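As annotated by Swiss-Prot, signal peptide applies to 1-35, with the evidence given as sequence analysis. Annotation comment: Swiss-Prot describes 36, 56, 59, 60 as heme binding site, evidence class sequence analysis. The transmembrane segment annotation in Swiss-Prot covers 286-306, and the record cites sequence analysis as its basis.
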């Protein structure tokens, strides 16, 4: 009887442990995957500042290229592709939050004109769905459906991102007109260097906070360093904390100056932004243009026929 109770207790404890482990995994995985878009969403009402700068550049300090490709013109109520390319060297490894090396992730923000929005799933063709893959897109705000964000996702698989976009119809949306509109895009590869609260991540360079001599360097058990700097001016000591990730550049007994780099810069990623233009084309204008071209072609044909008829008349009169 006692053995049966013991077995039951062990079974209950194992079940609880497994349940708690699964919950922790789900919670941490969700928070990590959603962290980067949330930084911008929580801190800024609009991701594009009045100066034209996209706010992601406040945390991703290195400047890198990004490219966007959209059709020159689209008709109303039409689904089209906005292709964002975030190029980088696939062999590069970035410093992760725990100080280890891993692959780069990518993310993007697409700022569309008012009225343009993410295409509903039932409007996306099978060919376009295949290009999109397993990517998930979301609106920057519930009331800003024209601003889309995506990521972070593995860069090796998604350095090219296809956004399925639905164009508006001015017939049903009176604030939309048949005009040329700008589209803005921002794309990053790798982790940022600064968090929204202003603190540094471990994916950046750390500088000395005082001038003096490095009196002690302690390597911490979980990685990183504590660097003690003895100020030569008044003798007081300053301790700089270096998280796991950056490589140390100084040694004990070395003289250093304030703001001198204590570590290398491990960042291999960066952020870039670009823009494109798209025309919301009026179908009646297209039909009118086609009618005009057809009229010109028909007029030229009639002129040629009339000329040949006139030449025949002249030839017959000369023979007569």
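Any Cβ shown, glycine's included, is placed from N, Cα and C.
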Residue 59 (heme binding site), number of other Cβ atoms within 10 Å: 19
Under 8 Å by Cβ from residue 56 (heme binding site), counting only residues of that chain that are 6 or more apart: 40, 47, 107, 109, 186, 188, 271, 273
Reduced DSSP assignment, residue 56 (heme binding site): helix
Same-chain residues at least 6 apart in sequence whose Cβ lies under 8 Å from residue 60 (heme binding site): 188, 190, 192, 193, 269, 270, 271
